[in-house]
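K.L.:
Supplied in C-alpha cells, the structure appears directly below.
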2 protein chains.
Amino acid sequence: MARPTPLSGFPEWLPDGRIVEQHVLDVLRRTFELHGFAGIETRAVEPLDQLLRKGETSKEVYVLRRLQEDPETPAARGHREAEKGLGLHFDLTVPFARYVLENAGHLAFPFRRYQIQKVWRGERPQDGRFREFVQADVDVVGAGSLPYHYEVELPLVMADALGALRDLGVPPVRILVNNRKVAEGFYRGLGLTDVEAVLRGIDKLDKIGSDAVAEVLVAEAGATPAQAAACLELAAVNGEDTGVVDRVRELAARYDASTDLLEEGLGELGALVAAAAERAPGVLVADLRIARGLDYYTGSVYETVLVGHEDLGSICSGGRYDTLASDGATTYPGVGLSIGVSRLVSRLLSAGLVRATRSVPTAVLVAVTSEERRAASDAVAAALRSRGIPTEVAPSASKFGKQIRHADRRGIPYVWFVGDTSDDGAPAQDEVKDIRTGAQQPADAATWAPPGEDLLPRVVAAG
Amino acid sequence: MARPTPLSGFPEWLPDGRIVEQHVLDVLRRTFELHGFAGIETRAVEPLDQLLRKGETSKEVYVLRRLQEDPETPAARGHREAEKGLGLHFDLTVPFARYVLENAGHLAFPFRRYQIQKVWRGERPQDGRFREFVQADVDVVGAGSLPYHYEVELPLVMADALGALRDLGVPPVRILVNNRKVAEGFYRGLGLTDVEAVLRGIDKLDKIGSDAVAEVLVAEAGATPAQAAACLELAAVNGEDTGVVDRVRELAARYDASTDLLEEGLGELGALVAAAAERAPGVLVADLRIARGLDYYTGSVYETVLVGHEDLGSICSGGRYDTLASDGATTYPGVGLSIGVSRLVSRLLSAGLVRATRSVPTAVLVAVTSEERRAASDAVAAALRSRGIPTEVAPSASKFGKQIRHADRRGIPYVWFVGDTSDDGAPAQDEVKDIRTGAQQPADAATWAPPGEDLLPRVVAAG
C-alpha cells in the first residue's frame, strides 16, 4: 500500500492534537454534568425520511447501503431508499427528537441532556467546514410546555462551558442573542407580512452591506424604502444591557410599529440580557442583526463568535423550538445550543493558540538494564501505575542514552533506572532522572511521585 | 411523527444505561493512559478498496453515497464506488494501519495507541452482535521490527483494564492465549501441509464436537485418522502455568512432530504464561484450542470470555501481525487487542449485573420559592457548581412536595431550600434535605458538600 493521503473534509489529529481535542471534550462534559445534564448517545443513522424533513438539508445527507444489496434499476432503488433507507445524521437535534419520542415513557421531563458525537454532511469542505465533525449539544425538552427561563439558562451553560476552556488558552467568546418574536413583531408592526423574506434579506447584511440589503427588502419582501430603512435600524441595535430593549421600544414608537408580539419578545430578551449581565458579564450580547435560524426557531436564537476569530463563523448556535418533536398526543418544546467542536479545535491547532505539554500520557519511562531483567522494570512500572502515575517500560535494553532519547522524543519528563548491584552502568539503587534538567536522585517506586503538573499532559496557551 | 421504534442492531441506552457505558469507557481510557498509550481517533470512513482487502468482510461493509449524486446505470455506479467510494470502517485496525502509514513521519515508534470508537457491520443482528457498536483497542506498532515482549505486555494491559472494571461489578474474565507458531509447527511436524484447513476444522470444535472435527480433518485437511487424533490432543491442552509447554513438548515427542517453528512458538507461549502467572494470576490461560484468527495472525492470539457468560463469545480478541501495514519501504508489525464494549455493556445491562446509582449527574436540586426569587436559587446553584457539585434548579416554583418528587424521580439525593424570611413556607435560612432519609439541616452554599459517594452517580453491582 502506497502512503495514503488525507481525505479532504475528514479531519484527523496527530496524538498531541488529539490531546487538545480530548481536553476540550472533557471540559465540556464536566461543565454539562455540573449543570445536571444527562449524557446520551444515539446511533449514527436515522431513517432518510426523517433526515429529509427539512428540504434544504437533503443535499448534505450521506445515504448508506450494504454492499451485498444488489443494485436493481435506479428507480426501484431510489424508491426503496426513500422508503426504508438509512442516512448518517447531519446534526444531533433530529436524532434527539426521535430519541425523546421513542423513550418518552422512560424519561422525566423537563429532560436535560447533553450529547457529544460526530455528525456528517456531504458539503464542500472549507476552512472550518467539514464533512465529518464533532458537535457538543445541550438541550432541555419539556412535555407539553417549557418555561421561558430555560432560554436564559441554556446560553449561560454554554458561557460557563466555553469560559472553562479559557484555562486551556482558548480565546474568549461572545454569545450573540436575538429573539424571533422581536424581529417578527417589529416587521409586522411596520406592516410587512412576508417575515421570512425580510429575515432572508437581513441575513445577507455581513455579505452584501446595508444598501444592497435595503434593495433586496424592497425587491423581495415587498417593503417600501422607509420600511426597509426601519428594518436596517432594528438590525443595527446591539448591546450588553437592557438599554437594548429601550432602544428597540423607541424605534418601534418612532415607526408606530409596536405589537403585542414585539412586547412579548422584548420582555424575554430583556430578562435574558439582565440575567446575563449578572451571571456572565461581557459574554452575552443582544444583537438584533442575528437572523440565521430565526425561521426555524420560535423564540430566542443564539450564535457565538470566538473573539479575534470572527472569520470562523459561529462556533455555538441554537435556539428555542416550540415543536422539537410531537407524537400527535404530546408536543415537546425545546431549547438548546450546539458547539462545533471540530471547527473550534481545528482553529486552536491551525492558529497555534494552544498546545499539549507532551504527545503521550506517559510521565515516566522505566529504563531496561538488560532483557533478562525486564521483569524488574515491569514491576517498577506496575508500582507507579498503582498510584496513578502513567508509566511505560523502554522498548529495548539499549544504551541508557538511547533510552533517554526515546523518552525525550515523546516529551516523557522522567526516566527511571532500576537499581542493580552488578557492574553494568545501572545505579545500585533505583534513581529517577528529570530529563529536562538532568537532575537525578534516588527514588522508591512505592512512594515517589512527579509534581502534579507533570503527572498528565496539560493543554496550555501556546506561544 | 408517530412514536418511532428501535432499529434492530443499533443499540441505544437510556440515560442510566449510558452512565454505565460511560463509566466503562472512562475506566478503560484511564487504564490505557496509565500504561502510556496515546489516544487517537480516526475518521469513520475509509476507501472501499482498503475495506475490501480481506475478501470475507466485504459483505459487512456499509457503503456511503451522497444523496445528490445522480444514480447512473448500476454498472457505472458499481465501478465508480469500487474505485473511489467510501465505506464505514468495520473495525479500528484497518483505519489504524492507514493512519500509521499516513503519519509515519510524525510518529515515534514503537507507537502505543488506544482508540475507542464506533464501528459498523451490516451483519444480521443477534444477542451481543450489533450493526453499530463501540470497540476499545490498544495496539503497539513498530517500524521494521517489534520485540516479542509486547505480545506479553498487551494482554496484561487488557487484564488490568478488565480487572479495573470489577470495581463496577463486572464479572471476572479469562483471557485465552494460543500461538500460531505452536499450532503450525505441530501440524507441519505431523506431516500436515494444509495448515489453514486444519485450523478451520479445529475452529469448529465448540460447535460440532471432536468426533465430527476428526472427520473434517480427514476429509478436508488430508489428515490420517492418527494425525487428526493428534491435532485434537493438541487442542485439548490448556492451563495457567508453563506445564502447558511441557505437555505440548511431550505430545510432539510422542508423535515425533517437533519442529523449530514449534519450539519457537513454545518459547514464546511459555514466556507469556510465566509472566502472566506472576502479574495477573488466574486471568491468562493458555488454550491450544483457540484457532479463530490464527490465519490472520502470525504469533500470539487472544480471546477473552466473561466468566459465567461464555455464551456471549469473546469480549476481547486480538493478536500479533507481522505486517500490520507496509508502504513498500518499511513494514510495520503490530500486536493489539480490541474490547467489544457494546457487547459487554449490553450484557451488563440486560442481565442486570450492574446499575447506576442514579440516572442524572445532579447531586442537588435547588428548590424555587417563587419565580420572582429564581435568581436566588440560580446563585446557590452557581456557588455549589463552583465547588464541583453537580446542581440544577427546579423547573417551576410549584409546591415543595412536587419539587421534591421531581428530584426523587431522577434519583437526585438532595434538595436545597433557599432561606427567606417572608412567610411562604421557605425556611428562614438555607437548608438542605436528604430526601432518602428526610433529614433536613441548615447549610451554607459556600461550604456544604455532599458525602463523596453522593457527589456523582456511581456504577455498582446490582442486586
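Including glycine, each Cβ sits where the backbone N, Cα and C put it.
Values in this document were obtained by computation on a predicted structure and should not be read as measured data.
Okay, these came from TrEMBL:
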DOMAIN    B:15-361  domain 'Aminoacyl-transfer RNA synthetases class-II family profile'
BINDING   B:Asp91, B:Leu92, B:Thr93, B:Arg121, B:Gln135, B:Asp139, B:Arg292, B:Tyr296, B:Tyr297  L-histidine binding site
REGION    B:435-454  region 'Disordered'
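Describe the structural surroundings of these features, if you would.
P.N.:
Confidence over the domain 'Aminoacyl-transfer RNA synthetases class-II family profile' (B:15-361), given as mean pLDDT on the 0 to 100 scale, stands at 92.
When secondary structure is read from DSSP and collapsed to three states, B:Arg292 (L-histidine binding site) falls in the coil class.
For the region 'Disordered' (B:435-454), the list of distant contacts is 363-364, 379-380, 383-384, 387, 389, 404, 407-408, 412-417, 427, 429: same-chain residues at least six beyond its ends, Cβ to Cβ under 8 Å.
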K.L.:
Validating a neighbour-count step here. Other CB atoms within 10 A of the CB of B:Gln135 (L-histidine binding site): how many?
P.N.:
21
K.L.:
Of the residues named as L-histidine binders, B:Asp91, B:Leu92, B:Thr93, B:Arg121, B:Gln135, B:Asp139, B:Arg292, B:Tyr296, B:Tyr297, how far apart in Å are the Cα atoms of the most distant pair?
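P.N.:
Farthest Cα pair among residues binding L-histidine: 21 Å.
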K.L.:
Tell me the Cβ neighbour count for B:Asp91 (L-histidine binding site), meaning other Cβ atoms within 10 Å of its Cβ, over all protein chains shown.
P.N.:
18
K.L.:
Given a separation of at least six residues and a C-beta threshold under 8 Å, show me what packs close to B:Tyr297 (L-histidine binding site) in the same chain.
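P.N.:
B:Tyr297 (L-histidine binding site) has long-range Cβ partners B:Arg180, B:Gly319, B:Arg320, B:Tyr321.
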K.L.:
Residues with Cβ closer than 8 Å to the Cβ of B:Arg292 (L-histidine binding site), same chain and 6+ apart in sequence?
P.N.:
B:Asp203, B:Val301, B:Glu303, B:Ser314, B:Ser317
